[in-house]
């Protein structure tokens with residue numbers, strides 16, 4: 001399952017305490033990663049078993065488990081007809097915690 005696009009990082013900087021956004025799904029994901037970890041989403045592009053393209057095996061650590069859960073969520077949403085890579089959703093960032101809109 002596609003997790004990130006490298007170009008999404010350039011467009012999804014989070015430098016404020018509270019940052020509402022309405023962009024496309026993968027661009028949002030890069031911003032959520034930056035908010036939560038303080039790291040570029042590119043740092044996780046080929047990390048572990050589930051961060052980045054594809055995914056198989058047993059997740060290696062907490063970060064890899066996060067990518068695994070994300071892949072599962074996208075799989076569930078895709079099966080319900082959502083366009084997870086392009087559907088828009090809103091989220092906020094406060095104190096390094098991302099809160100995604102419930103409608104997504």
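Quick reminder: no glycine exception, Cβ is built from N, Cα and C everywhere.
Features as listed in TrEMBL:
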type	residues	note
BINDING	50, 52, 54, 71	Ca(2+) binding site
DISULFID	51-67	disulfide bond
DOMAIN	25-104	domain 'Phospholipase A2-like central'
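For the domain 'Phospholipase A2-like central' (25-104), the number of residues in each DSSP class (helix H, G, I; strand E, B; coil) is 35 helix, 11 strand, 34 coil.
When the Cα atoms are compared, residue 54 (Ca(2+) binding site) and residue 67 (disulfide bond) turn out to be 11 Å apart.
On a Cα basis, residue 67 (disulfide bond) lies 5 Å away from residue 50 (Ca(2+) binding site).
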